[in-house]
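Asks: From TrEMBL, here are the annotated features:
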type	residues	note
TRANSMEM	D:38-59	transmembrane segment
TRANSMEM	D:79-100	transmembrane segment
DOMAIN	D:129-429	domain 'NADH:quinone oxidoreductase/Mrp antiporter transmembrane'
TRANSMEM	D:135-154	transmembrane segment
TRANSMEM	D:166-188	transmembrane segment
TRANSMEM	D:208-233	transmembrane segment
TRANSMEM	D:254-273	transmembrane segment
TRANSMEM	D:279-299	transmembrane segment
TRANSMEM	D:306-325	transmembrane segment
TRANSMEM	D:331-358	transmembrane segment
TRANSMEM	D:379-398	transmembrane segment
TRANSMEM	D:404-434	transmembrane segment
TRANSMEM	D:454-476	transmembrane segment
Amino acid sequence: MVPVQYYLLLSAGLFCVGLFGILTRRNALVFLMSVEIMLTAANINFVAFSFQHGNLTGQVFSLFTIALAAAEVAVGIGIVLVLYRNFRGVDVTEAATMRW
Amino acid sequence: MIIELLLAFCLIGAVVVFVLPDEYAPVGALTASLFPLVTSFVMWFGFDGSGNAFLEGGQLAYETMVQWISLGPYAINWHVGVDGISMPLVVLATVLTTLAILTAWTPIDERRSQFYGLMLLLEAGLLGVFVALDFFAWLVFWEVVLVPMYMLIGVWGGPRRKYAAVKFFVYTNLATLVMFLGFMALVFGLGDSVSTLDMPAITQAIRAGELGSLAGIAPGTIKSVAFVAMFAGFAVKVPIVPVHTWLPDAHVEAPTPASVMLAGALLKMGTYALLRFNFTMLPDVAADFAPFIALLAVVSVIYGAMLALAQQDLKRIVAYSSISSMGFVILGLVAYTEYGLGGATFQMLSHGLLSGLLFACVGVIYNTTHTRMVGDMSGLADRMPVTTGMFVAGSFGYMGLPFMAGFMGEYFIFQGSFAADFAGSMVFTAVAMFGIVIVAGYFLYAMQRTLFGEYRLETDYTVGRAAVHDIVPLAVLVVLVIVLGTAPNIFFDMITDAVGPMLGGGL
Amino acid sequence: MVAFDYAPAIALLPFASFVIALFAGKYMPKRGALAGILATGGSLVLSIWMAFTVAGGETYNEELYTFVSPEAFDLHLGILVDPLAALMLIIVSLVAFLVHIFSLGYMNDEGETGLPRYYAGLGLFTASMLGFVLADNLFMAFMFFEMVGLCSWLLIGFWFRDDAPPSAAKKAFLVTRFGDYFFLVGVVGIFVTFSTATYAGSESFVRLAEEALAGNVGAVNTFGFEPQTWFAILGLLVLGGVIGKSAQFPLHTWLPDAMEGPTPVSALIHAATMVAAGVYLVARMYGFYALLPTVLAIIAFIGGFTALFAATMAVVKREIKQVLAYSTISQYGYMMLGLGVGGYVAATFHLMTHAFFKALLFLGAGSVIIAMHHNEDMWDMGGLKDRMPVTYWTFLAGSLALAGIFPFAGFWSKDEVLYEALVHGLNDPLLLGAYAMGLLAVLFTGFYTFRMVLLTFHGEPRSETAKNPHGVGWNVKLPLAVLGALAVVAGFINMVPVAELTGANIEFLHKWLEHGITGVTSEHYGELLSEFAGYQAAELSPLIPAVVSLGLALAGAGLAYVLYSGASPERHTDRLGSIKTLLMSNYYQDEYQVWLADATTRVARAADTFDQGVIDGVVNGVSSVSLFSGSRIKRVQTGVVTNYAALLSLGLVALLVVFGLLGGWF
Amino acid sequence: MAPLPDWTAAAPAILLGLTAITLLIIDSISPRSKNRNLLAGTTLVGTLAALAAAVGLLVTGTGTNGGVSLYGGQIIVDGMSLFFTIIFTSVAALVTLASYDYLAGETEQAEYYALVMLATTGMAMMASAGSLALVFVSFELLSLPSYALVAFLKDNRGSVEASLKYLLIGALSSAILLYGISLIYGVTGGLLFETVAANIQNSGLTGMLGIGVLMVLGGFAFKTASVPFHFWAPEAYEGSPGPISAYLSSASKAAGFVVAFRVFTVAFGLDIVSSVDWVLAFQVLAVVTMTLGNFAAATQDNVKRMLAYSSVGQAGYVLIGLAALGGGQDALVLGMSMTHLLVYGFMNTGAFLFIALAEHWDIGRTFADYNGLGSQAPIACAAMSVFMLSLAGIPLGGGFLSKYFLFGAAVGAGFWWLAAIAIVNSVLSLYYYLRVVRAMWFEESNGDRTIEGYPLGLYTAVIAAAVVTVLLIPAFNLVADPAVDAAAALF
């Protein structure tokens, strides 16, 4: 069987990919996707560890998180919509009227 | 219970005056201020305390003690009472407030009800500071005093009032926080030996040597650090050079009544606190630092006087001379003899009356001439003889004319500090005493230039005799100064009775 | 003794007149003058009563009112009436009484305004001075000393609408305050040393000091000094006040300016009494000074020097009151000289006679000034002799006394001072130097006195006003007459040379001062002087020095006569050339003192700049720096959300790295 | 009477949830209803009911001896959770009152109130969360409505931008939090705090544990708007509608703190986690947060933004509660942070509601716009002055006592340097809080401002907040005592 370390590496990689996306992309939607990737990384951990520890807590919880992620995206899309309406675009760096 | 009554009168009066329409505010405030005045006199005549409130064997007058907050291991009480040190100051505060309200009648013409309400609020805070015996109760009053004063300066003040008000508030608040940390270090250093923030209990515990180490810091170090922190904090309030610069600004910008209260009563909070905290709780540390403190005192006296000598603005002159006079108080405190401590306390009273008197005089002059610059006027004696008389009386009182309060206070201090135990006390005292020559210099100069000579006024106002309600407070103050100067025992007895026990340990 | 129960009233009566004049003066017929006259008259009567009681061998030394009484020692008011005090009481109250009367003529008749203030001032002054005389301890003495200073400020600055008087008043108060500073230090020092400051009695500091020097220090704390040294320091400190009030060099500069005040004030304060306070103080605690030879020598030397120094300046003055002012300084120099050389009685004697004839001279000058419509320049006068005979003859009597011409009062007293100086000086060159200066001053005194008389009263009138002067009333003439008589006869109470010659027992003043409270009598002082100060009087007949000084006085007078007699004397002062300017500008004494004052002000300005710039600058600097850093710090918030994400991640990574290293995770 | 069943201990949360559902039902019955009385009324009733329940439970001593634990320890109702529920519900009540006027004429009011209620429910659950799972769920239950509420003014660029930033940073933070939780789970094999606490020592995986702990800490730092996770806060508070700013800056922040308190004291207790010195981490956070917050606030021109930064600074003070642990005064410091949060809940909410009032009058947002307001609206301005001074730690309000006790306790715990830094910040904060007072009272009104009408709801809310703030000085014991007890129960 695959030792848990590999899963950990995988999830860490995913997490970094997501982070990289957040730091580099300016499109709000891509931003949201990157967040999803990070959450997925966490989910992988949960599943993997729950398998290792031999209890279901992690797996169950990962279901919760998936749902929450979906909700988050839903709200996010809504906000992106009004963003588009107000700023004529979905570039997150456009909305920078408030600063300092 | 009567102390609660005293405070309640002030607060209720403040609320009532706040809601009064402006035209009735002055009379209302005057009436309201009479209640605490009378109450304080009742307290004075019925005073049955003895000894020092902070030390064993101190019999407090009008004591009340009920639990207010219980904070884990610590109990914080509503603990008030007066002893021979605080009683005179309470009387001073009430008297000054009433007179200050009188001095406000002429100059204050807008938002009156707010003004007088704040004055009464100020009185409540002041009295609280002098009667509170639990640290946090005391601290609440100590800080709340700043608010009305800040508003008084900022709303009714002179051209640079905003700057002065903020400077006053922020500077003194910083001082309070520093002092607070120092005191907290003591409290926690005492550990389990005290279960309350009652100042007398803490004082006795410290003097009994129950101070332990805190976070690996030795008791001795804690003592010194706490002493320095508290001294620095209170020094700002006094103020002692070099942390004095907020005072002239605040005084110059403040309206006359606020100046009267500020110089007359607020500065006393600083010296009172020094007496209660640094010199009652940590006499041994005070002894170690004595020469240094005495040096600061002497510098305040001479340097302050020199600054006063350089001023052209009458209010600035009086303001800087206050710094000088408060330096004497510090000298008396550090002397730590019966005459020294008693004289310091007495000097608080006399300086309270005298500086109040002088600020009130300057105010009256300003009301009619609309200038305070020495160069802008001369020969006022010709037009306002009575005010001149009062000003002369006040100035000579300030110069330490015998049979006036100032002389007694300063003489006691000199007598007490000349042979004090710390090194070089004689030299320090002798140098400080030279202040009486400089003070004569600038007051005589100011009087000669403004009051005497041919009548001349740069501002185009017609100068007439001052109104009666302007003169009354001046006259009352002059009388009080003379009474206190000829019969100092009316207060000095109870003061010495209260400071006597302090001399037991430490220095 | 019943009389002494009224002792406080001596000082309280004038005080009452002060209160009345101040508050009710403007409603009274003479604006408070009458109250003052009655009060001072009452004081005079009481003083005389005291004197008689004292003459009966009674003395009085009681504490009356205690200010405060802590454990260490108390501060109180008390009364000490002994021969010295009784004598001084009479002098003060008499002069004050006469001055009040004179003021009716000088102030009321001249239609001055502000008279209630004037009489209130006179009353308060008289009260303070009498209080000072009655004082039984140094603390009380200092209090009244200061009150006297206040009164002189009030009265010198009486004409406050002009510029000069307020300025002169300021100067007078400041200079004397400077002296009083040392006095105050001395008082405090004496208290901490002896725990008491009473003059007389077994517990008095004088007695304690004597015992301490005699070896039994007891509770006296000399702070590690030799008692001799420490007491000398204390004595010198107190002497500071004396020099200030008695206008001795170098603090004499205020007195001539003080002539800006009304002439009666000059007579009362700056001739007869206030200036006497200093000398009286030394006499009062002479038992202390008699223990300290160095201090005595200093006193003597200052006195002698001042006597000469002031006399020379008087030579060239144009205003009559200026001449008198400098002569006053000079005469008090003599008294100091007398005290310094151990001539306690002599100095007291001169104090008394001088009080009379100098008051007389000032009042005479006052009456002349009335006549001259307040013109004081002697060169505008002349020939007043025939127009105002009373003034002339009394003034002449006073002048003769001042010049020390036989047999007028001044002769006897000044002669005795010089005699004492000489007999003690023969054993002590320092004192001899003082004597020499005093002796030389006699010559100048004779000169300027008669220059003054001649210029004022003799020759032809040199101005219109002098031709037909303004007449003076009885209220001017009466005081002149009284004092004139005294100026003639006052000396007879103590004719030492005559006593020597005839062997008659007529040294009444000596006898008077010999009895009294033990320890404060002249004979005890004599013992102390010989025992502690080591003063030895050389055997010498009083005749020779008397003749010498008389001769010098006459010489001076004669010189004046030669120069200034005749119908229209011309000004010889120009002959002095540069010396004249030097004298006219008073040896530039004022200049350096003014310079000192200015320097102080400059320092003060510098301090102010420093305060505003540096100290307050730091305060404001702190605030502006924090605000500036705030305005920079907030730039982190760029507004671009990606930056936020980046910073957030960076922060987290930083935390992870730091703690990873700290916790040693990898 | 028979003792109540255990589940009643969760009554506050349940009531809040029910209210939210009720509102949604109402909305589905009459969509786009503008019936302010009905909607705001319902919300207020529900909130107050929850508040009453919480108070009742606290008074009847449900919180004592470890409290009640439900659903296998997923939910723990103890002193602390009830204490914080009281904070949340009071703030929610004030906000609802204020919104009554603020939303006048708005459509979608029902959604607004429903969202508020849902968020409040999330907070209540956070306060009583007993496992990391519930922590994350309730965390999201709070966050998601908040994003929406911030964006409530849909066609106001500020509002939208604010919500965008809030959303993005929030999403990132929740991801970090979740990842952290996953690591903790990996180390301990459980999500319940007990399990975590039980298994955490004897696991060699220090590194993983450490990363996990710090990531969790980061997640909480986001909620409490602590540097460097604070970037969303200034914009979110400035951009969102006034009542929501008040709500987020007071209640949401408190929620973040309560969960942090519980997790770090129970799950990662000092005595348990030796390898990760998270106290030091909190010290760093506290210092940086208070410094940056106060210094940035000092020079703002916009009052609302100044308050936003100041609330960051205040978070720094509260962090002392965690940063000064282990000094022997744990119960005291933690209790004082809790107390400060409660007092802060009132004074800060009040301050933001005053801003809402100003927005309602649409007078501008800068200090200059407030000039001379004191003469036109003396009562409200007096209340605002009380808030400002109390925030600055001047004894016009309970903020003085809680703040000073907090600093004092820090000294007592031996962290005098922490207190010293706090002092510098406190003084600076006094300076900028005074700028508001000065503008309102000292400056002359610059003419053309007319105040039409004095909205009842907003006024009531502001005055109520002011009154409570002031009364909290004499009545300080009422909150300080339970707080210290609740804190003591955690150790």
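First residue shown is number 1, and so on along the chain.
Positions of Cβ are set from backbone N, Cα and C atoms, glycine also.
Those TrEMBL annotations? Automatic predictions, nothing curated.
A description of the local structural setting of each listed feature is requested, covering burial, neighbours and distances.
Replies: Nonlocal intrachain contacts for the transmembrane segment (D:166-188), taken as residues 6+ away from its ends with a CB within less than 8 angstroms of a stretch CB, comprise 132-133, 135-136, 139-140, 143, 146-147, 150, 195-196, 198-200, 203, 205, 208-209, 211-223, 229, 231-232, 235-236, 267.
For the transmembrane segment (D:208-233), the residues of the chain that approach it from at least six positions outside its boundaries are 132, 139, 142, 165-166, 169-170, 173-174, 176-184, 186-187, 200, 249, 252-253, 255-257, 259-260, 263-264, 268, 273, 275-276, 278, 281-282, 285-286, 288-289, 292-293, 308, 311-312, 315-316, 318-319, judged by C-beta separation under 8 angstroms.
Distant neighbours of the transmembrane segment (D:279-299): 214, 217, 221, 226-228, 230, 234, 264, 270, 306-317, 319-320, 322-323, 325-326, 415, 418, 421-422, 425, 428-429, 431-432; these residues of the same chain sit at least 6 beyond its ends, with a Cβ under 8 Å from one of its Cβ atoms.
For the transmembrane segment (D:306-325), the list of distant contacts is 224-227, 230, 233-234, 236-238, 245, 249-250, 253, 257, 260-261, 264-265, 270, 279, 282-283, 285-294, 296-297, 300, 333-334, 336-338, 340-341, 344, 348, 351-352, 355, 391, 403, 406-407, 409-410, 413, 415, 418-419, 422, 425-426, 429, 432-433, 435-436: same-chain residues at least six beyond its ends, Cβ to Cβ under 8 Å.
Away from its own ends, the transmembrane segment (D:331-358) comes close to residues 80, 83-84, 86-87, 90-91, 94-95, 98, 102, 237, 241-243, 245-247, 249-251, 253-254, 257, 261, 265, 303-304, 307, 311, 314, 317-322, 324-325, 365, 369-370, 380, 383-384, 386-388, 390-391, 397-399, 401-403, 405-406, 409-410, 412-413, 455, 458-459, 461-462, 465-466, 468-469, 472, 476, 479-480, 483-488, 490-491 of its chain (Cβ-Cβ under 8 Å, at least six residues beyond either end).
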Asks: Are there residues at least 6 beyond the ends of the transmembrane segment (D:379-398) whose Cβ is under 8 Å from a Cβ of it, and what are they?
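Replies: Here the qualifying positions are 310, 314, 343-344, 346-348, 350-351, 354, 357, 373, 404, 426, 429-430, 433-434, 436-437, 440-441, 459, 462-463, 465-466, 469-473, 476, 479.
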Asks: By Cβ distance under 8 Å, which residues at least 6 away from the ends of the transmembrane segment (D:38-59) in the same chain are close to it?
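Replies: Distal contacts: 9, 11-13, 15-16, 18-20, 22-23, 26, 77, 79, 82-83, 85-86, 89-90, 92-93, 96-97, 99-100, 109-110, 113, 116-117, 120, 124, 457, 482.
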